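Undergrad: According to TrEMBL, the protein has these features:
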| type | residues | note |
| --- | --- | --- |
| DOMAIN | 38-94 | domain 'J' |
| REGION | 172-243 | region 'Disordered' |
| COMPBIAS | 172-205 | compositional bias 'Basic and acidic residues' |
| COMPBIAS | 221-235 | compositional bias 'Basic and acidic residues' |
Amino acid sequence: MGESQADDDLLLKNFFAEVSEVERDNEVLRILSCFKLNAFEFLNLPFDSSPEEVKRQYRKLSLLVHPDKCKHPQAKEAFSALAKAQQLLLDPQEREYLLSQVNAAKEELRAKRKKQLKKDNASKIKSQVDEGKYEHQYEQSDEFQQQLKLKVRELLTEQEWRRRKMQMRISEEEGRLKKDEEETKEMWKRKREHEEQWEGTREQRVSSWRDFMKTGKKTKKGEIRPPKLKTEDPNKSYVQRPG
């Protein structure tokens with residue numbers, strides 16, 4: 001194990017000794033032009049690469065564009081993109097999701113290919129004779145790999161769009177719930193204020209009620225009440241006596 005690591009280190013050292021600044025700059029530009037949702041593209045690896053291959057490729061490319069060794073102004077950005085790509089591909093859940101999209105892309109391309117073969121009898125016969133070897137060979141071709149790469153981009157884009165729309169709906173729902181919560185709080189606040197005001201005027205209401213019970217009628221402050229008529233008093237000129 002130790003000898004293998006030493007051999008790898010020696011190979012890397014020799015490799016970097018031959019790398020020119022232009023090559024470093026080109027690698028930075030390649031990384032930054034990659035499709036952002038596909039971590040395999042950043043590391044320039046095929047979809048069937050193992051976690052160990054991911055680690056080795058990351059080590060090689062990260063040293064190539066390391067800001068301390070590469071003078072390109074965006075070297076740091078490229079270096080960070082590689083680190084994130086490795087993190088995603090070594091995360092079991094993220095890797096499984098990405099590979100599920102790759103498999104879905106393969107199935108779509110195979111279905112399309114099957115339709116084409118029905119129209120091309122020669123290819124169809126060759127495919128049947130080779131018992132699947134012909135198709136396997138085709139899927140290893142540059143043509144198929146390029147189609148697969150583009151189809152994976154398409155599916156990842158669709159999934160990301162769905163995710164963002166879902167996130168948008170969740171945010172809208174959270175906003176609505178927050179608004180409802182704030183309105184409910186405001187309603188209870190107004191209710192408490194009303195109850196406090198009502199309680200604050202309790203003594204005044206009780207006093208008013210006592211006055212009413214005494215006089216039989218509420219009197220307004222400053223109001224002059226007319227004298228009561230006493231019909232039995234013969235001395236009062238305003239009393240009308242029966243003739």
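Even glycines carry a Cβ here, placed using N, Cα and C.
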Undergrad: If I take every residue in the domain 'J' (38-94) and average their pLDDT values, what number comes out?
TA: 95
Undergrad: Counting by DSSP, what is the helix, strand and coil composition of the compositional bias 'Basic and acidic residues' (172-205)?
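TA: Secondary-structure breakdown of the compositional bias 'Basic and acidic residues' (172-205): 33 helix, 0 strand, 1 coil.
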